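**Student:** Dumping what TrEMBL says about this protein:
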type     : residues : note
COMPBIAS : 36-51    : compositional bias 'Basic and acidic residues'
DOMAIN   : 121-211  : domain 'Ras-associating'
DOMAIN   : 213-257  : domain 'SARAH'
REGION   : 20-51    : region 'Disordered'
């Protein structure tokens, strides 16, 4: 594609469906804004509400306060066993393509004989999830971050290894963006309740697991080769942007002289 410059196997071209619009980089404005804001990333520093412990009465009171502050029907509900259910919104900000199953119907070589005339052949294809993709999940208070990742992958029928992804909490404070990767055992709905409904105070983002914990053995050889090509293109684009920024700075200085 001249717009997306996507790469795929020649036998897979007929299976790929892309909604391309505009030249490369046309939709990167939001990403640039995010990078400008993200001056600090505290991956290991726990948030205030992560340390907070609530008893049953405090949980009930927090749920009432939470429900009174939202402008939708995505309420939290307290269960008889002391647990609670509610919704979290997760934004998917994936830079690299994901793999999904694709089934192609092929004609049987023995069409004249009785029985099915076609058979399903399992295939995989890769595509980029649209930027800004958001998914609401209805979960329990004890649902873990790793289970949220599994649920998101099932929703989009992604067959990649879940360890390739990580769930982050994102917050904005003093014109800075803070990101922290959630541990597998953390409970996103509990964090949502403690932080309140404000998306600036707390929001959830699914990203690639970039902390060195990726199990690269889980990738196939074609995937690894494609990732190397993508990394090369990302590096070339970063170099281009850096040179452009310095050229603009140099031009401004020359104009001032």
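Our numbering is plain: 1 for the first residue shown, then up by one each step along the chain.
Cβ from N, Cα, C; glycine included.
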**Student:** Pop the mean pLDDT for the domain 'Ras-associating' (121-211) in here, whole number is fine.
**Tutor:** 90
**Student:** Looking only at the domain 'Ras-associating' (121-211), how are its residues distributed among DSSP helix, strand and coil?
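**Tutor:** DSSP composition of the domain 'Ras-associating' (121-211): 22 helix, 36 strand, 33 coil.
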**Student:** List the helix, strand and coil residue totals of the domain 'SARAH' (213-257) as derived from DSSP.
**Tutor:** 39 helix, 0 strand, 6 coil
